[in-house]
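Listed features, source TrEMBL:
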DOMAIN    27-108  domain 'Manganese/iron superoxide dismutase N-terminal'
BINDING   H52, H100, D185, H189  Mn(2+) binding site
DOMAIN    115-218  domain 'Manganese/iron superoxide dismutase C-terminal'
Amino acid sequence: LLSGFLFFSRSSARFVAPLGCLVTRQKHTLPDLPYDYAALEPHINAEIMQLHHSKHHATYVNNLNVVEEKYKEALAKGDVTTQVSLQPALKFNGGGHINHSIFWTNLSPNGGGEPKGELMEAIKRDFGSFANFKEKLTAVSVGVQGSGWGWLGYNKEQGRLQIAACANQDPLQGTTGLIPLLGIDVWEHAYYLQYKNVRPDYLKAIWNVINWENVSSRYATSKK
């Protein structure tokens with residue numbers, strides 16, 4: 001049961017005191033993409049990016065704001081039953097906002113290739129080679145049943161990288177404890193208009209636009 005109120009940022013969720021949230025709450029907004037909708041072509045076409053960002057992600061943001069307002073009202077009334085009933089919607093829409101905010105920065109028209117420096121050394125240490133890592137994350141992402149995400153995360157307790165899959169919009173850190181470094185969206189809305197039902201083709205293409213500078217930056221921050 002939540003003792004505070006959930007606030008979501010681009011890559012994390014945190015609790016604040018209930019009293020503070022009853023006074024004021026800043027609404028979430030759709031983050032701008034750091035590139036044009038067509039910038040990732042031919043690997044991900046402009047139509048997909050526009051719908052994915054301006055429709056799907058925007059819906060998660062809007063619904064999250066609605067759910068948080070209802071949650072605030074339930075807190076004010078001491079209505080625990082309603083607080084509990086709202087948690088699935090909070091998890092789904094909050095997770096959708098968190099996941100996509102990470103996803104957009106994980107991609108770049110100047111991406112692809114292989115990471116460098118500490119991230120590459122960690123990948124070799126924990127997976128044997130970059131090729132092995134790429135194969136494992138691809139396989140996990142292909143294997144997601146229905147909708148979900150494939151993730152590279154950092155296990156802070158064990159000091160190592162770890163691959164995981166999350167169903168639907170479950171946020172990686174909030175459900176597994178792993179700090180998200182690289183997320184691959186395998187919901188059909190992320191690829192169907194271009195790759196139809198052939199998810200492996202989409203996953204093969206997306207490696208050409210992975211922003212390793214962003215992933216490396218997230219890795220460096222996660223170790224602090």
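From the backbone N, Cα and C atoms, a Cβ is placed for every residue, glycine too.
Curation plays no part in TrEMBL annotations; they are all automatic predictions.
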Rank the binding-site residues H52, H100, H189 by the number of other Cβ atoms within 10 Å of each Cβ, and give the residue at the low end. H189
Which residues, in sequence order, are found in the same chain with Cβ within 8 Å of the centroid defined by the Cβ atoms of H52, H100, D185, H189 at the Mn(2+) site, excluding those residues themselves? H53, H56, H57, F103, W187, A190
Residues in the domain 'Manganese/iron superoxide dismutase C-terminal' (115-218) grouped by DSSP into helix, strand and remaining coil: 54 helix, 24 strand, 26 coil
Who sits close to D185 (Mn(2+) binding site): which same-chain residues at least 6 apart have their Cβ under 8 Å from its Cβ? H52, N99, H100, F103, W149
Overall pLDDT for the domain 'Manganese/iron superoxide dismutase N-terminal' (27-108), taken as the rounded mean: 97
Looking only at the domain 'Manganese/iron superoxide dismutase N-terminal' (27-108), what are its DSSP counts of helix, strand and coil residues? 59 helix, 1 strand, 22 coil
